[in-house]
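Quick look at what TrEMBL annotates:
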- Glu135: active site (ACT_SITE)
- Cys92, His134, His138: Fe cation binding site (BINDING)
Amino acid sequence: MSLEVLVYGDPVLRRKSQPIETVTEEIRELAADMIETMYVEEGVGLAAPQVGVSIRMLVADAEYDEETRPARVFVNPEILESWGEWKFDEGCLSVPGIRADVVRPEAIKLRYQDLDGNVHEEEMHEIWARILQHEIDHLDGKLFVDYLSPIKRSLIMKKLKALAKESKGRITV
Ligand code: NI
């Protein structure tokens, strides 16, 4: 079931999400719905708060292959280490029609759980690292536009107010 994605201005997007203690059937179903929503909205990542649920879970698919749909689910993801620097043009399903260059670490070491509750550690680079950093920010109530300079941000906010929900790029998280 495809879910509605909350857009900029919704207070849920600014809340800090709660850790998941046990992966229940309900959470598994939410993960499946989030994956479906991500593909419907043509995004490469989606965090639970974006569909109105303040828990620490996100889905992502950097390959974005609609045929095979190899989406991954990350429960309680946390960044243990990060390094390097990489500038990338970001967008967000919750900030439709807006894109901007954001500098973030190029690589991260991530710890997360899967839907069976197993803990994993993984090193990620470039686009995967970017998506995970962007989505983990959502779990902390942070949006990519928060990284922009005040001037750039005020220009974007004007544009944002004038925009409808129509624009959706491929690299939109
Ligand atoms: Ni986003």
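Cβ atoms here come from the backbone N, Cα and C positions, even for glycine.
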CB within-chain contacts under 8 A for His138 (Fe cation binding site), separation at least 6: Leu13, Ser17, Ala47, Pro49, Gln50, Leu58, Ser94
Most crowded position, judged by CB atoms within 10 A, among Cys92, His134, Glu135 as recorded positions: Cys92
Cα separation, Cys92 (Fe cation binding site) to the residue listed as 'active site' (Å, whole number): 9
